[in-house]
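Annotation source Swiss-Prot lists 4-hydroxyproline at Pro3. Positions annotated as 4-carboxyglutamate by Swiss-Prot, on the basis of experimental evidence: Glu4, Glu10, Glu14. Under the heading divalent metal cation binding site, Swiss-Prot lists Glu10, Glu14. Annotation comment: Swiss-Prot describes Asn19 as asparagine amide, evidence class experimental evidence.
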Amino acid sequence: GEPEVAKWAEGLREKAASN
């Protein structure tokens, strides 16, 4: 697991939750 990927995935979840 890479921190960059984890941060990217977290960003997608936040954006998806926002929509």
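For all residues, glycine too, the Cβ spot is worked out from N, Cα and C.
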In three-state DSSP terms, the structure that the residue listed as 'asparagine amide' belongs to: coil
When distances run from the Cα of Glu4 (4-carboxyglutamate) to each of the recorded positions Glu10, Glu14, Asn19, the nearest one: Glu10
Number of Cβ atoms other than its own within 10 Å, given for the residue listed as '4-hydroxyproline': 7
Separation of alpha carbons, the residue listed as 'asparagine amide' and Pro3 (4-hydroxyproline) (Å): 24
Cβ-Cβ neighbours of the residue listed as 'asparagine amide' (radius 10 Å): 4
Same-chain residues at least 6 apart in sequence whose Cβ lies under 8 Å from Glu14 (divalent metal cation binding site): none
C-alpha spacing of the residue listed as 'asparagine amide' relative to Glu10 (4-carboxyglutamate), in angstrom: 14
Where Glu10 (4-carboxyglutamate) falls in three-state DSSP terms: helix
Cβ neighbour count within 10 Å of Glu4 (4-carboxyglutamate): 8
